[in-house]
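Chemist: Questions regarding the structure given below will be posed in turn.
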Amino acid sequence: TLTQSPAASNEHNTLTHCRKKKLYIGALFPMSGGWPGGQACLPAAQMALDLVNKRTDILPDYELELIYYDSMCDPGEATKLLYDLLYTEPIKIVLMPGCSSVSTLVAEAARMWNLIVLSYGSSSPALSNRQRFPTFFRTHPSATLHNPTRVQLFQKWKWTKIATIQQTTEVFTSTLDDLEQRVKEAGIEISVRQSFLTDPAVAVKNLKRQDARIIVGLFYETEARKVFCEVYKEKLYGKKYVWFLIGWYADNWFKIKDPSINCTVEQMTEAVEGHVTTEIVMLNPETVRGASNLTSQEFLAQLMSKLGGKNPEETGGFQEAPLAYDAVWALALALNKTVGPLKAKGRRLEDFNYNNKDITAEIYRALNTSSFEGVSGHVVFDAQGSRMAWTLIEQLQGGSYKKIGYYDMTKGNLSWYGNDRYIQNSQPYLNNMTAVGCMMALAAVFPLGIDGLHVRNSQFPVVCQFRLWLLGLGFSLAYGSMFTKIWWVHTVFTKKDEKKDKRKHLEPWKLYATVGVLLVIDILSLMIWQIVDPLHITVEKFTKEAPKGDVDQLIEPLLQHCSSEKMNTWLGVVYGYKGLLLLLGIFLAYETKSVSTEKINDHRAVGMAIYNVSVLCMITAPVTMILSSKQDASFAFASLAIIFSVYITLVVLFVPKMRRLITRGEWQSDQQETMKTGSSTNNNDEEKSRQLERENKELQKIIQEVLCHLHFLQHAVEDVSY
């Protein structure tokens, strides 16, 4: 056996490294100025580059190298640095600026050099313009991403009039223009509009004079302190008012001493209490490993180590660092995706120059279809090249910010904090109906075991009624709610496309109505049965037996039954109706086993529960009729069948939800597709495959448990019969 020495191995790695062709990224990181975001974003980008260059499955023949300058967040300085980047060797394949003002300059000029621009820290809505910035992408979402959330909240709380107050700067003006358009489309009126340049006193007084109640404020943090000092003076706060602010201020922004205001910390704290903020989610709240094989918390730990223990609150761009990290990964994955298509055309990435439109077009196409899990969340771009992301909604309660909800613009999904999306997307009210039905079925086990020894003959018909009604209504609630889920999924996904699109909007009341119909059918049929042919006691007599011992007596065994005059007819009707429901449920579960939908995300588990309930019911009904004269065996078989069918149903439906909440936290969702399917062009088949694989493994575990329980049930019944 030949072994390679460590020295030889290191030499081999060095040679491999030397053979790699370098691709250069020209970057501008503001280390000072209005937004010194480069202080944290640069180390984050370097971390990503180090990992990418070590990977053998991403750009194995290339090495990415960062050439960067300090733009000081100044367009004038950035102009000089951009000139140096473009006219100094080596050729840069992509530009990565930060700051909206700098990115605007770079993105507008880049088209002349056929360069892709990928920004990690630009929020100006003006950059969402494909005519003006045809090659621009950004992992930082546009500031207008706050507006769909605000409009959704206005509609949720049925507010039809709002007021606005803004600082007169380009970013807030364009954000307000976008908000005006959105509220107009939603039928909401902006009744008061106020703006200011440096002193907000007059604007705040005008808001008070015109009786503004729902107020959207768009201004920087320093101006926010000025605004709310005036708000305190004008008493424009309290339960009559709701303020909406931007969420990227420091958490203690209103407590910071500011010589430009004459309000105390206590007064400021009183004025700002209860306001609502919207903030773009920049750190993945889910504990998942994405493209870089790091969770968001692991990324933060490594970044803190790289920063050398600096205070995050004093490090510029710490909040945006995940966006810079994911920008490098988005670029690396996109470049990796272009290698094959370019090779087919006889081109290579190292052939890029500023006159080569073909390579630029391939990189653009790859970036435009990006879809991967990053440390900042799921990375996907809209048609304007802007990042699509979640919005966090917070409220200041008792002097500190509390999370109250999240909004996903791509799906129009507003979910309140504490209401897990995974739970919400499984139709929890139907799950509650299933649980109630299961409890009613379990409760029926007790009257099944009661006979004349425990109650008087006059009370026995009441016990019979309890058995019938608990089992009947329990079945309708438990099975009916599961059947309704499967029926809806099948109805939507087996229709033609034009009909499917019309019906994809799920209206919960229709689901509840379906369960209600099944419940009403059961109630009516049971009422008719009890009115026309009520249950009563019948006594089955057996052959007389001689007791042991020399006693001159014979014992005649008697067995009490719950029966009616036309018992077989009624049972035939009930069994026939419910048997058809069971068979139809099995059919629908089979038909929808490969369907994936967000609105009812547990339909596969529901299908598994339907299989088990159907099998147990179809076995139990005829067997208990055959064993009716063997009271112990009959009771054992019926009660065990009820217990196991209920147990299996509850395990299959609720254990995965409990496990997900416990192990993955509130944010983890079976529907990571919520972000992944935001654009039909950005669906990733590989991610879907992994999702299905995880679901299959979970179902296999559940099936194994079910088989074990059925095996136990079989032995238990055999023991009782014996």
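Glycine is no exception: its Cβ is also placed from the backbone N, Cα and C atoms.
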Chemist: With TrEMBL as the source, which of 237-257, 468-488 is set down as transmembrane segment?
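Modeler: From TrEMBL, the annotated transmembrane segment range turns out to be 468-488.
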Chemist: Are there at least 3 C-beta pairs under 8 angstroms linking the transmembrane segment (635-655) and the transmembrane segment (569-590), leaving out pairs fewer than 6 apart in sequence?
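Modeler: No, the transmembrane segment (569-590) and the transmembrane segment (635-655) are not in contact.
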Chemist: Would the transmembrane segment (429-448) count as touching the transmembrane segment (610-629), i.e. at least 3 C-beta pairs under 8 angstroms with sequence separation of 6+?
Modeler: no
Chemist: Counting only residues 6 or more past its boundaries, what in the same chain has a CB within less than 8 Å of a CB in the transmembrane segment (509-532)?
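Modeler: The answer is 427, 429-430, 433, 465, 468-469, 472-473, 475-477, 480-481, 483-485, 487-488, 564, 570, 573-574, 577, 581.
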